[in-house]
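What follows is a set of notes on a single structure, which appears directly below.
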Amino acid sequence: MNANNYHSGFIAIVGRPNVGKSTLLNHLVGQKISITSRKAQTTRHRISGILTEEHAQFVFVDTPGFQTKHLNTLNRGLNRVVTSSLRNVNVVLFVIEARNFDERDRQVMNLLPKNMPVLLVINKVDNMENKSELLPFIQEIAKEREFTAIVPVSAKQNKQLDTLLNAVRPYLLEGEKIYPEDEITDRNERFLAAELVREKIFRYSGEELPYSVSVVIEQFKIEGKLRRIHAAVLVDKDAHKAMLIGKNGEKLKEIATQARLDMEALFDGKVYLEVWIKVRSGWADNAQVLKSLGYE
Ligand SMILES: Nc1nc2c(ncn2[C@@H]2O[C@H](COP(=O)(O)OP(=O)(O)OP(=O)(O)O)[C@@H](O)[C@H]2O)c(=O)[nH]1
């Protein structure tokens, strides 16, 4: 490989709940930025973490559909969502737990397109008291489908994560960085702030609110350890605005408080957050709004 060649690509991390996907992502990218939500569609931008190295950039993406806690309710419609969410990734990391491969894992595995490189990640090997159990376990799973590689790791203890990245590397494509390095932090923080507000809106508003809600970060100022964030929530109708504000403004207060607490944990510093609800009118023509929504 020519030393100047840069490689980059998209990687999906999938697996049933609790196998350690978030832990793995956090330890791979070295930053706590994985966000979960009950409604998969709340994630309009699908990037969940970026690892930039001298010669390679790994962009980890969310895969709506795999996020569900109720895999047994998966139907054909969802199946399509899952498949299309994987269309643009270069490789899939299918995460399971050491010693614990069951029907729920099989359900996730069966949703993975046949023609896609799938790397099996056996997580939590630190839980295995008897290491001689690992090989027979691997041999059993290898019968389930063709994996391009099988890598046992401990996400929590940071073990074998370099081996995992090395196994992913051949699937990155030659090309420039997908995201410029110097923009990543700020862009991520703005994006994550919007995602957190959006996540709380969906969590606290139940099923009634349509997915047309957008969150625009109108101000994001860093003053030492303090972040001043102004978020505008754009809705289509006055009724939606009233729904989000709630009785005596209580719902909006709860949304803003929960979003702020998450932001403070995520950014590791104090956050001053203001959230407004706006009924949009002709907002789609507004270049400024489109830009802040990421549609440039
Ligand atoms: N022993 C051990 N525990 C781990 C390891 N990785 C993750 N865990 C634990 O497993 C639990 C689930 O981890 P998460 O990272 O939240 O799992 P997830 O797959 O993202 O879960 P969902 O968000 O529910 O899909 C947590 O209690 C982690 O601390 C590991 O390598 N070893």
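Sequential numbering from 1, following the chain as shown.
Keep in mind that glycine also has a Cβ here, set from the backbone N, Cα and C atoms.
Computed from a predicted structure; not experimentally measured.
According to TrEMBL:
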- 15-22, 62-66, 123-126: GTP binding site (BINDING)
- 7-174: domain 'Era-type G' (DOMAIN)
- 205-281: domain 'KH type-2' (DOMAIN)
- 15-22: region 'G1' (REGION)
- 41-45: region 'G2' (REGION)
- 62-65: region 'G3' (REGION)
- 123-126: region 'G4' (REGION)
Outside the region 'G4' (123-126), six or more residues from its ends: residues with CB under 8 Å to it: 19-20, 23-24, 95-98, 134, 152-157, 159-160
Rounded mean pLDDT for the residues that make up the domain 'Era-type G' (7-174): 80
Count of other CB atoms lying within 10 Å of the CB belonging to Lys21 (GTP binding site): 24
Gly15 (GTP binding site) CB neighbourhood, other CB atoms within 10 A: 23
